Amino acid sequence: MNITSLQQNITRSWQIPFTNSSDSIVTVGDRNLTIDEVVNVARHGTQVRLTDNADVIRGVQASCDYINNAVETAQPIYGVTSGFGGMADVVISREQAAELQTNLIWFLKSGAGNKLSLADVRAAMLLRANSHLYGASGIRLELIQRIETFLNAGVTPHVYEFGSIGASGDLVPLSYITGALIGLDPSFTVDFDGKEMDAVTALSRLGLPKLQLQPKEGLAMMNGTSVMTGIAANCVYDAKVLLALTMGVHALAIQGLYGTNQSFHPFIHQCKPHPGQLWTADQMFSLLKDSSLVREELDGKHEYRGKDLIQDRYSLRCLAQFIGPIVDGVSEITKQIEVEMNSVTDNPLIDVENQVSYHGGNFLGQYVGVTMDRLRYYIGLLAKHIDVQIALLVSPEFSNGLPPSLVGNSDRKVNMGLKGLQISGNSIMPLLSFYGNSLADRFPTHAEQFNQNINSQGYISANLTRRSVDIFQNYMAIALMFGVQAVDLRTYKMKGHYDARTCLSPNTVQLYTAVCEVVGKPLTSVRPYIWNDNEQCLDEHIARISADIAGGGLIVQAVEHIFSSLKST
């Protein structure tokens, strides 16, 4: 397989065609969706079932009845008997109430840029259905059921990456989903189980008629944070996978550098008991346990080695203190995104019990904008930390005697080892750090006739986080390649052969062997991963590893124990 094909595979891993996974069912409407459930529906085709709770169904119908009565009695309600946004002073008659909703789709059909991944759109659809089942939106059950049908049949509307400022929700992106659901016009297109077609044809194949929106329904569908939150949910999941892999990379790097295990002694971290620091230290303690490639100093003694430092440099010694805040931050981000996932985010909201509606602002995606800004910042920190470890590995004066640039066959004088690979990584790390800059504070105050004069930029922030995650996967591939080569060379320096499996800790052997299998490296004691520069294509190896990570393959499975532990923090 050539490099182009491998890169296309990476792209397709986020454009996952519908694959029906009937092993489980995700029930929507009980207000307890998790990120894992969103990912299972979005990427793996897990079937969706709307709750059959009678109270929920009655609430949905009661909210519709309230809206219909309000229209009949000409009650002043935003977006139902009034115009939108800065034109909310326009009075809408009973005869125009339904047309207003359809017209909302048309004037919002203004997206630009590339299409979102199918997985991110599917996540958005799931969350929109979940929000509407609260019974505060004034939308028919039939329309919510249509979302369920689309998800279970693998019909995914095409949505564009630009168009939402995250203020009145994701108006423009959701207009594409709504237009496709009701079959408004052939210009709305979908992916139908891997095939592109217009939404009208898709409805026909599903045996569904076109739908005419009723009062409030267009606004209910388009006025909410579901798209940005769906993207965010997928990104949080991916970031946790990458954080687990980061721990594995550091464990390989520490063993490659012949670092000490003393830095992770429980006593140190009990003296500064931040939850994330404790978790990180405990995980690294476990990852390094029984390794022959670390200095065994858990007894508190310090091995003095002449000209070498008596203690490790900060990137090793302070690892738990550096990554700990990120672990705590990701845990908080997870909680906030899951609250947003299980919220009602349109406007106005209907209190059916008290027969009153309220004008509010739950559509503002500030929680998503701020959390995604934070997540990108954390990714930048993780990448910079790994970059420092790589710099130590390639420099003999800092690596405890490994060859320069981790050259495999030093007898072949033209070999430059992983010099080019480091440069490639150096080109990625600054970009990830740059992407860590915030967007939520860069909003236009004049948006939509100064009506949306504060806005979250949550949608763009979530999309940029998706980009950051994708790039970090490539960087992680590079880091893993360095880790494998380093432990091979360290094994040779200490044992006279290159089979690192005999020296690595039991908890890192699986990651090592997974990387070797993905890139096609023979497990041998005769040669390290990279022997001569001209015997492999490093770009193909980057692509193979990146694709494996994106698809949740062998490499991700090798750190499942870390990932599972991380999810419980």
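The backbone N, Cα and C atoms fix where each Cβ goes, and this holds for glycine too.
Annotation source Swiss-Prot lists active site, proton donor/acceptor at Tyr78, citing similarity to another entry. DSSP assigns Tyr78 (active site, proton donor/acceptor) to coil, not to a helix or a strand.
Under the heading (E)-cinnamate binding site, Swiss-Prot lists Asn223, Gln311, Arg317, Asn347, Lys419, Glu448, Asn451. In three-state terms derived from DSSP, Lys419 ((E)-cinnamate binding site) belongs to a helical segment. Neighbour list (Lys419 ((E)-cinnamate binding site), Cβ cut-off 8 Å, at least 6 residues apart, same chain): Val394, Ser405.
If you look up Swiss-Prot, you'll see Ser168 marked as 2,3-didehydroalanine (Ser). Here the Cβ of Ser168 (2,3-didehydroalanine (Ser)) has 26 other Cβ atoms within 10 Å, regardless of which shown protein chain they belong to.
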Ser168, Gln311, Arg317, Asn347 screened against Tyr78 (active site, proton donor/acceptor), Cα within 10 Å - retained recorded positions: Asn347
Residue among the recorded positions Tyr78, Asn347 whose Cβ has the most other Cβ atoms within 10 Å: Asn347
For Gln311 ((E)-cinnamate binding site), the three-state class that DSSP assigns: coil
Candidate with the highest Cβ count within 10 Å, taken from the binding-site residues Asn223, Gln311: Asn223
Neighbour tally for Arg317 ((E)-cinnamate binding site), based on other Cβ positions within 10 Å of its Cβ: 18
Local backbone state of Ser168 (2,3-didehydroalanine (Ser)), from DSSP in three classes: coil
